[in-house]
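Undergrad: Have a look at the structure that comes next, please.
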Amino acid sequence: MSTNTVKKIACIGAGYVGGPSMAVIALQCPNIEVVVLDINEERIKAWNSDKLPIYEPGLEEVVFAARGRNLFFSTDTTKHLGEADVIFVSVNTPTKMSGIGAGRAADLTYWEGAARMIAAVSKSSKIVVEKSTVPVKTAEAIAKVLTRNCVDPNVKFEILSNPEFLAEGTAISDLTKPDRVLIGGQETPTGRAALEKLKWVYAHWVPDNRILMTNLWSAELAKLTANAMLAQRISSVNAISALCEATGADVSQVSYAIGMDSRIGPKFLQASVGFGGSCFQKDILNLCYVCESVGLKEVSDYWYTVVAMNDYQKQRFVERVISGMFNTVAGKRIAIFGFAFKKDTGDTRETPAIDVCRGLLADGAKCAVYDPQVAPIQMFRDLSAPKYAWDRPHGWTKSENHIMESVQAVSDPYSCAAGSHAICVLTEWDEFKGLDYAKMYDSMVKPAFVFDGRNILDHDALRKIGFVVYALGKPLDPFLVRG
Ligand SMILES: NC(=O)c1ccc[n+]([C@@H]2O[C@H](COP(=O)([O-])OP(=O)(O)OC[C@H]3O[C@@H](n4cnc5c(N)ncnc54)[C@H](O)[C@@H]3O)[C@@H](O)[C@H]2O)c1
């Protein structure tokens, strides 16, 4: 038998990363027992039910195939962490809300809590794998927490960094056919042995040339940099979308032309109302904070502009809606199509819809929101929670009354549009493309507007129906040109 054999894997954190990534490991490695743990009992209950706690295409098939065979979801951390030889930590690492580095630094409270839990129950040596996205050099701090809190001096901990590159909405295919798996470890004999063990797990389905092994700090920094570069592309094209509107150029044509350049490539060049999701903003802010901490203010300022441009884009969209509708949306019903931060997920963390709805509500609009995957309670929570509070399990208390009065969650797009002055498309759900807009037009207040924040609709067809159309980054309808 290979010395690399791993018998049992435990993962702390049954979220968007922990759940799908461990399910795929379990499916691909039937001889390894995989247990996903969480302090959130509801979440674990849902993972053990027919209705999984997150929506992700293909996830049910993977979970239902492996669950009960070698994949388990549990809250019994003591038992499973004690028995595991490899422990992934995939807890949330939100932006700090208060104290030093508030609004930028990563809050490592959950990570440290997980490390203390591991130390408390470990009676044998463990490989601890950072799956969460963490600041550079977190492994060093975690190693100290682990060794100082473990009572048995014979127990050794080897820390690896194995950042996750999956994208929500395509998580299962990303995990099944990853562009690369990155594993960072200490450049010591025990560090190299741990790297080999984890590599052995992934080698069950990932080709050898796609498993990259680096030192710990490179792996940690590569994850932050990957997200910063992806977000930077979106902010770059969004900046150009504003210039397109001012000059009469068409951002889709510009994107297509530059994407044909093999040095640039076509991906992540679609102009939109802004990027969202739990990672991009948080990880860039975190990168900025790391840069500042080591005295690199110019580098920090450089990356911060990516976030600033994203905020500008959301604000710009709100201003377009308001100015297009005769400079007032007070009392007007606006249909919001899509609340999730992208299609094929129900995740709303940092979704641009939050800032857009808040901007419209601040000007007195009434928002009717339709999203095929987001529960009404989630919309109300998001619209009333303070900034950065969303990524904390108990960070939200109750919806504010004025939000409840001005926001209506609607279960179908036609009732959502009925009686509205405008439709704002904020998520690129495929189903929005095939709706009967003529039927909606008949039920709306005139002039009826469509503000397409994702450029997914057939704008000419909408104009023929009678809509005034704003398409982001495209030549403006004469109706929308400011006098
Ligand atoms: N969501 C993504 O697309 C994505 C992609 C790549 C990397 N990441 C990173 O992965 C990490 C996790 O992200 P996520 O989206 O899965 O977060 P999540 O909030 O969905 O899941 C984290 C889970 O950890 C649990 N948790 C926190 N502390 C715990 C503890 N001490 N013991 C047990 N459970 C605990 C929480 O209850 C929660 O269910 C973050 O660092 C994130 O930046 C996320």
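Quick reminder: no glycine exception, Cβ is built from N, Cα and C everywhere.
Pulled from TrEMBL, these are the listed features:
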ACT_SITE  C279  active site, nucleophile
BINDING   13-18, D38, R43, 91-95, 132-133, E168, 279-282, R349  NAD(+) binding site
DOMAIN    335-459  domain 'UDP-glucose/GDP-mannose dehydrogenase C-terminal'
Undergrad: Return the residues near Q281 (NAD(+) binding site), defined as same-chain residues 6+ apart in sequence whose C-beta is under 8 angstroms from its C-beta, sorted by sequence, else 'none'.
TA: T95, A231, F275, V307, N310, E350
Undergrad: Could you check which of the binding-site residues N92, T95, Q281 have their CB within less than 6 A of ligand 1?
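TA: Within range of ligand 1: N92.
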Undergrad: Taking the Cβ of T95 (NAD(+) binding site) as the centre, count every other Cβ atom within 10 Å, in any protein chain shown.
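TA: Its Cβ shell of radius 10 Å holds 21 other Cβ atoms.
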Undergrad: Could you check what DSSP calls T95 (NAD(+) binding site) once collapsed to helix, strand or coil?
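TA: Going by the DSSP assignment, T95 (NAD(+) binding site) falls within a strand, counted as strand.
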Undergrad: Count the other Cβ atoms sitting within 10 Å of the Cβ of N92 (NAD(+) binding site), across every protein chain shown.
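TA: Looking across every protein chain shown, the total is 23.
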Undergrad: Using a Cβ cut-off under 8 Å and a sequence separation of 6 or more, which residues in the same chain sit near G13 (NAD(+) binding site)?
TA: V36, L37, D38, F88, V89, S90, V91, N92, Y110, A114, K131, S132
Undergrad: List the Cα distance (Å, whole number) between C279 (active site, nucleophile) and E168 (NAD(+) binding site).
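TA: Distance (Cα to Cα, whole Å): 11 Å.
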Undergrad: Starting from the Cβ of Y16 (NAD(+) binding site), draw a 10 Å sphere and report how many other Cβ atoms land inside it.
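TA: Step by step: centre on the Cβ of Y16 (NAD(+) binding site), count other Cβ atoms within 10 Å, giving 23.
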Undergrad: Restricting to the chain of E168 (NAD(+) binding site) and a gap of 6 or more, list residues whose Cβ falls under 8 Å of its Cβ, or answer none.
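TA: Non-local contacts for E168 (NAD(+) binding site): Y16, E56, G277, F341, K342, D344, T345, D347.
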Undergrad: Across all the protein chains here, work out how many other Cβ atoms are within 10 Å of the Cβ of C279 (active site, nucleophile).
TA: 25
Undergrad: Work out, from DSSP, the number of helix, strand and coil residues along the domain 'UDP-glucose/GDP-mannose dehydrogenase C-terminal' (335-459).
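TA: Secondary-structure composition of the domain 'UDP-glucose/GDP-mannose dehydrogenase C-terminal' (335-459): 47 helix, 19 strand, 59 coil.
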Undergrad: Return one of helix, strand or coil for Q281 (NAD(+) binding site), based on DSSP.
TA: helix
